[in-house]
Amino acid sequence: MKLSHLDEKNHPKMVDVSDKNITSRIATASGMIYMSQEAFDVIKNNTAKKGPVLQTAIIAAIMGAKKTSEIIPMCHPLMLSKVETNIVEFVKECAFKLIVTVKCEGKTGVEMEALSGVSIGLLTIYDMIKAIDKSMRITDIVLESKEGGKSGKFVRS
């Protein structure tokens, strides 16, 4: 399989998407963060010294999606039309699941934007609570689904 990010001399390059059609692109990614009961309670009770953790993580996830092309070298800058977040609590596991959906009308997909949003959002939770629990675990950052483009639809089973 030939990698699209390498030229004929195996040097890295940004893929030329100028001949692609503009289509609707949407991708959803998710990830988990597990923590101690104390850290979970601080977040749930909104008593973290650094401020509202989940609200800040949502803003960070949106910013992370928007800034993807600045931190991942071969990603194209995209005009995003939507970044939507959802946080699900797992009380028994002392965990939160962050879900990020990104949409645009463009020539390339938004999978990396969704994955970046999840990563930055979860890292923000870690940053804001690390004084309480340095053993938090960020896991299972995955692409859940994507639509649009020549590769078609993908849904994680």
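Every residue gets a Cβ built from N, Cα and C, even glycine.
These figures come from a predicted structure and were not determined experimentally.
Copied from Swiss-Prot, the annotated features are:
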BINDING   Met74, Cys75, His76, Met112, Glu113  substrate binding site
ACT_SITE  Asp127  active site
Which listed residue (Met74, Met112) has most other Cβ within 10 Å, given these are binding-site residues: Met112
Can you tell me how far the Cα of Glu113 (substrate binding site) sits from the Cα of Asp127 (active site), in Å? 21
For His76 (substrate binding site), write down the residues of its own chain that are at least 6 apart in sequence and whose Cβ falls under 8 Å from its Cβ; none is a fine answer. Met14, Val15, Val17, Ser69, Gly106, Lys107, Thr108
The answer, for which of the recorded positions Cys75, Glu113, Asp127 has its Cβ ringed by the most other Cβ atoms inside 10 Å, is Glu113
Round to a whole number and give the Cα-to-Cα distance in Å for the pair Cys75 (substrate binding site) and the residue listed as 'active site'. 26
Helix, strand or coil: which one is Glu113 (substrate binding site) in, per DSSP? helix
Grab the substrate binding residues from the record (Met74, Cys75, His76, Met112, Glu113) and give me their largest CA-CA distance in Å. 12
Alpha-carbon spacing, Met112 (substrate binding site) to the residue listed as 'active site', which is rounded to whole Å: 22
Would you list, in sequence order, the residues of this chain other than Met74, Cys75, His76, Met112, Glu113 that have their CB within 8 A of the centroid of the site's CB atoms, where the site is the one recorded for substrate? Thr68, Ser69, Ile72, Leu78, Thr108
DSSP secondary structure for Met74 (substrate binding site), reduced to helix/strand/coil, please. coil
